[in-house]
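Data block below; observations after.
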Amino acid sequence: MCNNEAKMSELLSVQSDAPAKKINLMDLTRQQMREFFKELGEKPFRADQLVKWIYHFGEDNFDNMTNINKKLREKLKAVAEIKAPEVAVEQRSADGTIKWAMQVGEQQVETVYIPEADRATLCVSSQVGCALACTFCSTAQQGFNRNLTVSEIIGQVWRASKIIGNFGVTGVRPITNVVMMGMGEPLLNVANVVPAMEIMLDDFAYGLSKRRVTLSTSGVVPALDNLSKMIDVALAISLHAPNDELRDEIVPINKKYNIKTLIDSVNRYLNVSNANHGKVTIEYVMLDHVNDGIEHAHQLAEVLKNTPCKINLIPWNPFPEAPYAKSSNTRIDRFQKTLMEYGFTVIIRKTRGDDIDAACGQLAGDVIDRTKRTAMKRQFGQNIGVTEVN
């Protein structure tokens, strides 16, 4: 049985002694939705119509889908729904950034809209909390609760689009880029992140260029090696340290997949990817007198000498009880200059939304069950969240 058929069988199976649960059509890619319509005895092209209604027009009410006959609309209402996360809290920054706390079940995740002169980027979460325990990141301090479903991931894009007027309202810049850089490690939720990204790329849905959809990872190497077999999108690596000793400390997944192992995997991805222009983005948070010295810049240049890349230097954004300080502008500028002398393209990222805790590393959300991280430690050892990915 093919993956789509297996998925549909799972979605359509109902226990005889339990009420039927409606299928959330946002959990389905267009191909899976075509299988769904076949199961209903309908023509598969109806899926194309539904996907357009949901994502092109932002419609979640079957009755408003005027090119679908009433009989089919009634059938759909009986077995399916279109449901995206609702906004629990909205905060607007003085710089135009908007942060939403999106309600997903009993928990919340955070989604950030960042408008700029030539683009508008949406930062999307992939998990409730995060299990990787990066010491400089607010989300990691909240612990891990669960993976988000496809509908909870793509639903963030849908809800944000609905709010900002991405469905044809003039005067508002639409979402041009999506970055999987919100709460969570995307490569620990590949089963749901990849289908959500497929919907982002689908011309019947959002039709984003694969160069405008970016997946950021701290380095789950087996999943990264598999990613190119599933989808081609832009790649960003959360490196943050130029040597294993330091990275073991601040990005604990490095204890399982060290820098060389990670960079080798990145190079393999670049060799087969068309989405990256032959270059990967390296993310490097600047921590005062921790990883921002001249010696660190030289070490980083050595690590990346055979990897075509653009380096983003990220001024660290503080959160309560964090054991770090933000690097001074002088130290950041000196770090940048040193790397540029090696010929690297190095950009100092402008901090956006820090007045509403929407900046990089500040997303925390409302993680209710904080015991999951402890359970993962017991199951997988101290290398939290570095389980094998088949």
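FYI, residue positions are counted from 1 along the chain as it appears here.
Glycine is no exception: its Cβ is also placed from the backbone N, Cα and C atoms.
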Checklist entry - Do you know which of Ser161, Ser209, Ser216, Ser328 Swiss-Prot groups with Gly184, Glu185, Ser238, Leu239, His240, Asn317 in the S-adenosyl-L-methionine site? => result Ser216
Checklist entry - If you measure every Cα to Cα pair among Gly184, Glu185, Ser216, Ser238, Leu239, His240, Asn317, the residues listed for S-adenosyl-L-methionine, what is the largest value in Å? => result 19
Checklist outcome for this item: Here the 10 Å Cβ neighbour count for Glu110 (active site, proton acceptor) comes out at 25
Checklist entry - Which recorded positions from the set Glu110, Cys123, Cys130, Cys134, Cys137 come within 10 angstroms of Asn317 (S-adenosyl-L-methionine binding site), judged by C-alpha positions? => result Cys137
Checklist entry - When the number of other CB atoms within 10 A of each residue's CB is tallied over all shown chains, which of the recorded positions Cys123, Cys130, Leu239 has the maximum? => result Cys130
Next on the checklist: What does the structure give for the C-alpha distance between Cys134 ([4Fe-4S] cluster binding site) and Leu239 (S-adenosyl-L-methionine binding site)? Integer Å is fine.
Outcome noted: 11
